[in-house]
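Asker: TrEMBL lists 42-413 with the feature domain 'SLC26A/SulP transporter'. Residues annotated as transmembrane segment in TrEMBL: 46-64, 70-88, 117-140, 221-239, 279-302, 314-332, 352-372, 379-397, 409-439.
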Amino acid sequence: VSDRLKPLSQTVTCSRVCSPQASLKTWLPILVWLPRYRLSWLQMDLIAGITVGLTTVPQSLAYAEVVGLPPQYGLYSAFMGGFIYCMFGTSKDVVLGPTAIMSLLCAPHVGHHPGHAVLLTFLCGVIQVIMSVLRLGFLLDHISDSVIKGFTCAAAVTIVFGQLKNILGIGEVPQQFLLQLYYTFLKIPEASENFFSLKEQCQVVYPTSDCVSMFPLARSALVVVGATFLVYFAEVWGYKPFTMTGETSQGLPPVKPPPFSEKTPNGTVLSFSQTAQSLQGGLVIVPLMGLLESIAIAKAYASQNDYRIDTNQEIFAIGLTNILGSFVSSYPVTGSFGRSAVNSQTGVCTPAGGVVTGTIVLLSLAFFMPLFHYIPKASLAAVIICSVAPMADYRVFQDLWQNCSLDLLPFLVTFLISFWEVPYGIVGGVMVSGVINIYKYKKFSHRQVVTCSSLCNYTIYPFIHLGNLMEQFKVSALLKGTTTGGGI
């Protein structure tokens, strides 16, 4: 383990030990690496935090569009995770904040209503913290990798098609994917009069391609800034061909508790239970999928960079972030694939890089919100499409077929049904995956005792090990000699 990873490689223990000091360090991992913090780490954390911050601001503004909320809610959701995860997280690479997948999952339950989004955030956080306290992280291992891949691919396709209306400049497109697909192609002729604006944007951005290639990790920020200046000067010259983000609230979000009751336009007051019922299946799907996404990222980078994480502590950090985030009008957050990759690539040493990222988001809210009015929706749509397109990887089909053809079934069930309703797709995939697991287990359990001539009987013990979100079936044999017949 390199020097910059040693502080985090020791943040996690296999169990809660009896020593009060050790137990406190387990609950607060910052107490392990902060006393050993070095000046050289600060330099790397600053570089990583600034780079991730330049990526976070435009992506957060764009993801709010996916949820159906005003753009400032994306930034409201982007800063709390950096501060909370710095104290309670066990991975140096994970970046918490709004993501494309969480935005897609929240959209049908929020219904363009900020109050519902904030309440959903609070309840998701409570559920996640309870799971952490009860140490239920092992339940996440029972959702197979094929289900996650199927949902991820379907989410990427859904999000990309959902942003075509902003690229083409067409409106009044339904949210449901199949209807969205139909009406998008139906209204393509309406895009002809808006196409020249897209062409002009491309002509302006194209000369700056050398600049973008010089700063690939901040390309989202460069594209959005360039498009914003283009729209601003067009407005000054009285030329208004672009659809802009619109008015945004200036300043930091107010600190207030989430709305536990709601007053309708006709004066009726809805109780907490009535408001919670309107969230429906979101109280199950959103917190679970949020945990899956973040923990999968944490495990991947822990394995790559040779340190350990505590799954239950990760769940606690995400849950606490959502609970406290609901007091600053956040919608549910989780770990981001793209921004975590940027964080790792820029050489972050500790979770302190998240504090730098959170500070950049707060500065953007405090001083730059009036400029966000001029951001064209087409540029934010382009940021979203470029962020999620790699998730729809066609090679998944080939990999599943080569490794285990049976896993294609839950993948296809999840993938196809998710175009109708995402929760149904996930539930259907989990059920099919469970049936396949039972079939595989029974197939292994019928193995017979192995007899080797005059030697004793040697028994092959089957068991199922579900780890790293992937089904792995292993066979353990107690062998003292060479076995013949009855083997696997």
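Note: Cβ is positioned from N, Cα and C throughout, glycine not excepted.
Just so you know, TrEMBL annotations are computer predictions that nobody has curated.
Describe the structural surroundings of these features, if you would.
Answerer: If one looks beyond the transmembrane segment (70-88) by at least 6 residues along the same chain, the residues whose Cβ comes under 8 Å of a Cβ in the stretch are 27-30, 49, 56-57, 59-64, 94-98, 114, 117, 121, 245-246, 248-249, 253, 313, 316-317, 320-321, 324-325, 328-333, 350-352, 354-359, 361-362, 364-365, 369, 372, 375, 380.
Within the chain carrying the transmembrane segment (314-332), a Cβ under 8 angstroms from the stretch's Cβ atoms is held by residues 27, 67, 69, 73, 76-77, 79-81, 84-85, 88-91, 94, 96, 98, 102-103, 106, 110, 114, 117-122, 124-133, 137, 253-258, 286-287, 290-291, 294-295, 298, all 6 or more beyond its ends.
Sequence-distant contacts of the transmembrane segment (352-372) (same chain, at least 6 residues past either end, Cβ-Cβ under 8 Å): 37, 41-42, 44-46, 48-50, 52-54, 56-57, 60-61, 71-72, 75-76, 78-83, 85-86, 89, 92, 95-96, 228, 232, 245, 248-253, 343.
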Asker: The transmembrane segment (117-140): which same-chain residues, six or more beyond its ends, come within Cβ distance under 8 Å?
Answerer: 67, 69, 73, 77, 106, 109-110, 258-260, 275-276, 279, 282-283, 286-288, 290-292, 295, 311-316, 318-326, 329-333, 469
Asker: Within the domain 'SLC26A/SulP transporter' (42-413), what mean pLDDT does the predicted structure show?
Answerer: 85
